[in-house]
Amino acid sequence: MGDWSFLGRLLENAQEHSTVIGKVWLTVLFIFRILVLGAAAEEVWGDEQSDFTCNTQQPGCENVCYDRAFPISHIRFWALQIIFVSTPTLIYLGHVLHIVRMEEKKKEREEELLRRDNPQHGRGREPMRTGSPRDPPLRDDRGKVRIAGALLRTYVFNIIFKTLFEVGFIAGQYFLYGFQLQPLYRCDRWPCPNTVDCFISRPTEKTIFVIFMLAVACASLVLNMLEIYHLGWKKLKQGVTNHFNPDASEVRHKPLDPLSEAANSGPPSVSIGLPPYYTHPACPTVQGKATGFPGAPLLPADFTVVTLNDAQGRGHPVKHCNGHHLTTEQNWASLGAEPQTPASKPSSAASSPHGRKGLTDSSGSSLEESALVVTPEGEQALATTVEMHSPPLVLLDPERSSKSSSGRARPGDLAI
């Protein structure tokens, strides 16, 4: 047999542009077919015709019997099988080299156009792009040719034809020789005078090689089927992804803007949801009446009027405003009727129709709290009037103040 090194180099170049399963298939082809065929099988079948003997002296009978027993030698049959199975891969390799060469020529033309341009017109000019902006790049991140588009179709046809050739050669080997060689072969072909017995050399060893090459062919067939399934499943997932997200491929192949990358590199903003805050509008009528009540005395700076809503009140906010308005009017009326003397405060607090209770703290300021007020709408409101006075003056002489505060007459007192 001839030298397989040239075919091996070509297939090695094709291995760089194949899938993982395709690389395994090429490894099986190299080791278990080409090497075994060149190293061992040729030695076994080297003496095939010379050792094929028949029990006849008729000239030409032995040759015609050998031709019927072996229409084609096993060695040549397997060599043809390797060549036919490798041909689709070589066609795919030619397509890859053609694409790479076209890409190189396109880059050379772009560089030549840039060199021909004048410096005024050529500065800052980008290389011309002849392809569509949506076309995927020729090479992937690792610098290998991307299997996509027309190249992917060529690769699929490559696998399909390899599978068909494998099936055809397995079937041909079965119909030509079977899977086992018998040591005795009977031949009755002309010009043999009668049925003659012919004997095959090394039948057992040849049978082992036949079974081995058949097993390798079946393994290659299984690898082809797995590769078709792998590519089909990958293409199906890609189609489903593009169907549900048609802009994914555009975003994947679209170059990113450096400014957008810098803007997006910061920490993501986090929005915290807060519970809704409801505010009840202030009643304008109450505020106006409180400040401009007719006949109301001027309030000191330390006087504060606070109106509290009852937590159990229900109804429309307008009703609350009406209740607050009536309560404020009653407070101002009672405040105007009371004399502005400290002595009358306890009596006025005790005789208040609303049951006010006077509270005095340690600092001397008085606190007055009113009871619940029932509005005409049947609602309850709590009005609290707070009077805050400045603390009493501190006496400079405690003894003098105690003497003057005593009510009994002393001998040293002057009579006026």
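Backbone N, Cα and C atoms are what each Cβ position is placed from, and that goes for glycine too.
Looking at the candidates Cys192, Cys198, Swiss-Prot gives Cys192 as the cysteine bonded to Cys61 by a disulfide. Of the listed cysteines (Cys54, Cys65, Cys283), only Cys65 is recorded by Swiss-Prot as the disulfide partner of Cys187. Membrane topology taken from Swiss-Prot puts Ser18 and Gly46 on opposing sides. Looking at 2-15, 142-155, 380-393, the range tied to intramembrane segment in Swiss-Prot is 2-15.
Non-local neighbours of the topological domain 'Extracellular' (41-71) in the same chain are 1, 78, 176-177, 185, 187, 189-193, 196-202, 205-206, 209, 213; each lies 6+ residues outside the stretch with a CB under 8 Å from one of its CB atoms.
Listed in sequence order, Phe52, Thr53, Cys54, Asn55, Glu62, Cys65, Tyr66, Ala69, Leu184, Tyr185, Arg186, Cys187 are the same-chain residues six or more apart from Cys198 (disulfide bond) with CB atoms under 8 A from its CB.
Each of the disulfide-bonded residues Cys65, Cys192 was ranked by the number of other C-beta atoms within 10 Å, and first place falls to Cys65. In this structure, Cys192 (disulfide bond) belongs to neither helix nor strand by DSSP; it is coil.
Taking the Cβ of Cys61 (disulfide bond) as centre and 10 Å as the limit, one finds 22 other Cβ atoms among all the protein chains shown. Taking the topological domain 'Extracellular' (41-71) as a whole, pLDDT averages 81 in the prediction.
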